[in-house]
Amino acid sequence: MRRCCEGVGLPCLFKGVGMASPRPPRYLLVFDFDETIINENSDDSIVRAAPGQVLPEQIRQTFREGFYNEYMQRVLAYMGDQGVKMGDFKTVYENIPLSPGMPDLFQFLSKNHELFEIILISDANMFGIECSLRAAGFYSLFRKIFSNPSGFDKRGYFTLGPYHSHKCLDCPANMCKRKILTEYLAERAQEEVEFERVFYVGDGANDFCPSVTLTSADVAFPRKGYPMHRMTQEMEKKQPGAFQAAVVPWESAAEVARHLQELLKKKC
C-alpha cells in the first residue's frame, strides 16, 4: 500500500492547492480497550454490579471458546433479571483504572493530535467504552470506535449484539479486527488519506490477527507477557521474518509514548 508523503504523489500535491485544507495525519494509531487502555477486562469488571458480585455457576458453565459475545448476552440478561440498571453499569465502567502509563500516552497524543489519527477496535461494547473514556477525559482523542453494539431496552436491561460476521477462522464469531482494520484503511485511502505508518497497541489474541497485516514500516506494541506478545514471539521462532512489523513490548504505556516521541524527533 502506498503511504502518503513518500515522495510527492498527486493527491498530496493538489490537496492543499488554492484552499486552506488541513494536512492529513501522518500516522494511524490503533488501540484495543480491555487490558490495554484499561487495566481490566471490562466484561469481568461489570460483575461487580451483580448481586454478591458473582455469577451463578449455571451461567458460567455456558461459556464456549470463540463465542464470548453470546455468553455475555446471557450474563447481561441475568443481571437485568436481578435488577441491575444502567447507572450501576455506568458506575463500574467509570471506575475501571487505566493501564499503567496510559494517561501519559494520552497526554502525549493530545499534544501531538495533528500527527495521529486514533481509532479503537474492541470486542467489549460501545456503552462501556464511552463511559470509561469520557470519565477519563480522553474520549475526544478517538476519530472512530469500533465495538459491539449495546444499549438498554424498554425493561432497562443492558443489551449486547455482535459487531459483524466474518470468515476468519482465528477470531471470535462476532468480530475479526483484521477485517475492521483492513476495511478502515481502504476507506481512508479512498478519501485520499494514507498513512506513513500504522501503530497497533493491544494485548490479546484477537489483536495478533490484525497485527499480522502490518508492514515493515509499522510498529506493533503488544502488552508484555499477554497473548499478543506471546504469539508474536512464537511466530518469529517458527517463521522468522513472517511478522513484518517492528515489535515493541510494553509494561507501561509511557514506554509507547517514549517510542513515538523518539520517532517524531528523528523525523524533525
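Quick reminder: no glycine exception, Cβ is built from N, Cα and C everywhere.
Heads up, TrEMBL stuff is auto-annotated, nobody curated it.
TrEMBL lists ASP32 with the feature active site, nucleophile. What TrEMBL records for ASP34 is active site, proton donor. Per TrEMBL, Mg(2+) binding site is recorded for ASP32, ASP34, ASP203. Per TrEMBL, the feature substrate binding site maps to ASP43, ASP123.
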Sequence-distant neighbours of ASP203 (Mg(2+) binding site) in its chain (C-beta under 8 A, six or more apart):
ASP32, ASP34, GLU35, THR36, PRO222, ARG223, TYR226, PRO227, MET228, HIS229
Using the Cβ center of ASP32, ASP34, ASP203 as the Mg(2+) site position, which other residues in that chain lie within 8 Å, going by their Cβ?
PHE33, GLU35, THR36, ILE37, SER122, GLY202, GLY204, ASP207, ARG223, TYR226
Using a 10 Å radius around each Cβ and all protein chains in view, which of these recorded positions has the most neighbours: ASP32, ASP34, ASP43?
ASP32
Would you mind checking how many other C-beta atoms are within 10 angstroms of the C-beta on ASP123 (substrate binding site)?
26
